[in-house]
Amino acid sequence: MSTFQDLGLNEDLLQAISDLGFTKPSEVQEKAIPILLESETDLVALAQTGTGKTAAFGFPMLEKIDVNSRTTQGLILSPTRELCLQITNEMKLYGKYCKGLNVVAVYGGSSITDQARDIKRGAQIIVATPGRMKDMISRRLVDISKIQYSVLDEADEMLNMGFKEDITDILSHTPDDKNTWLFSATMPREVARIAKKFMHDPQEITVGNKNESSSNVSHEYYLVNARDRYQALKRLSDANPDIFSVVFCRTKRDTQKVAEQLIEDGYSAGALHGDLSQNQRDLVMNSFRKKQIQMLVATDVAARGIDVDDITHVINYQLPDETETYTHRSGRTGRAGKTGVSMVIVSKSEVRKIKSIERIINKAFEKKDIPDGADICEVQLMSLANKIHNTEINHEIDKHLSSINTLFEDTDKDELIKKFFSVEFTRFYNYYQKAKNLNISDTGSRERDGGRNYGGKNDSTRYFINVGGKDGFDWMKLKDFLKEQLDLGRDDVFKVETKDSFSFFNTENELKEKVLSYFTDFKYEGRFVNVEVSENRGGGRRNDKRGGGRRDNNHSGGRREHRKGASGNRSDRRRSEGDSKPRRSDSGSGSGNISRPRRSRR
Ligand code: AMP
């Protein structure tokens, strides 16, 4: 293992490295720095984010440029504004003893004239996002005709984001004999094509294998019914009290929804996705960086360039469409020499994707069980005990001690400890005491038939609805209709069964109030649609047939009478929708009035 001195860096850089507390070069630095220092060459480096790649190209660039000249000599292109700022910041830190150095960040969403003015002062290095850079070139606000070193950072991400033409255009304004250093976490065909087109005989280095995940990250998957995803997420969080995580969802809508549900359930969470304004995204990211948010729920696009080093867990709430995206997700943890865990919540139909991810990342997943209530209570209790054990005493309490002692005169130590811990523990205990087992087996057929243990506790409510086949509904259409009307996720309505003039469906018990209030005085295509709780709450098919026929007559008739007396006021309905926002709870039917466990860290 070499030292930074061995790599041949100059005193100014070594001093900055020492100030930063870097003790030894990371693998990518050890491999890239000597090559870039010793030769004028192009380079393709396959390295994940968080491996220290900014310094791997940054140190050599700083060493090679002439700080006494005001000419722009280095150009670093990065996919996102966040990453652009992060690189600029790191370059400034690395070059803090390089007198006269000026590194300028060029990115969208900020004043172009200010950026142009900073460049005019003489920027030896420009760090830019492709869109804004192209804009500046076309407005002749920047001259990159004397660039000697160009870096394409996170090249795969830039191409994923559709920057290929911008990059081509930008590079066409740079000299042919410059050196290009391309850094990418993965090597899809597009990146290989770019390398071939713009680079001359590049040297290649690989940190780990292509697409391979960092050795600091362990991979786990949890097999649950699709509709238990959210409960599983909460359990994973509760079982890791000090979690500091990014939770990945596939769509902006799911991202927003999961974040909102977590916040509503008392977790410190925030959403990060493309429908938020830049300002909103900055606020969320700032809170996350300051650890005021423990769970950042994000889309893949928005999470690009998250520059936070100590993320403990990445949670794949849903798997990405592209298997390679998983590498990027899991690379958000296990950075800067720390260890991390990448967790995947999968349903049975997705479990085969785990195998193809394993092939890509060249690592095995461990199948783990979603912790049960007792596990979580124990973890929370011990976490609290440790926290108390490590708490510094606040001596302001001293003056109240005699009153407290009087109060507890007759309480012995064990009893006192039990009482003390019960304050926090009981909330978790009450919440989880009836918690169901969320795990399903690889081979079990429960997923297909609805997944719930209907013979046992009733976790779900079965409804009767007076529309069916003759109204144009099959089970899929009815499921879509209900999801849309009630603004529910795709797993929230299940066991949908349509008959000719009526149908049945299930939701979690927590949604009962919302469903029933929504369908009070509800009209669809001119006809009243009526929803009632079915007496056969579990939803056994044979019973439905019998009960259903009866219900069709009884309930629709009964409701019609009720409707006559009802106001039919739409605003009433809307109000009740708002009031009946689903309150998720994890402990089945008995949990209605039990307070949710709140995160202890806020
Ligand atoms: P990067 O992959 O460039 O985003 O770097 C990830 C993090 O690792 C940054 O916070 C760097 O400051 C830090 N880092 C880079 N090189 C080293 C090193 N040799 N030792 C410790 N930390 C490092």
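Counting starts with 1 at the first residue shown.
Cβ coordinates come from backbone N, Cα and C, glycine included.
Per TrEMBL, these features apply:
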type	residues	note
COMPBIAS	541-554	compositional bias 'Basic and acidic residues'
COMPBIAS	570-586	compositional bias 'Basic and acidic residues'
DOMAIN	2-30	domain 'DEAD-box RNA helicase Q'
DOMAIN	34-205	domain 'Helicase ATP-binding'
DOMAIN	228-385	domain 'Helicase C-terminal'
REGION	535-602	region 'Disordered'
MOTIF	2-30	motif 'Q motif'
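Looking only at the domain 'Helicase C-terminal' (228-385), the predicted model's pLDDT averages out at 90. Long-range contacts of the domain 'DEAD-box RNA helicase Q' (2-30) within the same chain: residues 37-38, 45, 47, 51-53, 55-56, 59, 62-63, 93-98, 205, 207, 337, each at least 6 residues beyond the stretch ends and with a Cβ under 8 Å from a Cβ of the stretch.
Across the domain 'DEAD-box RNA helicase Q' (2-30), the DSSP tally of helix, strand and coil residues reads 14 helix, 0 strand, 15 coil.
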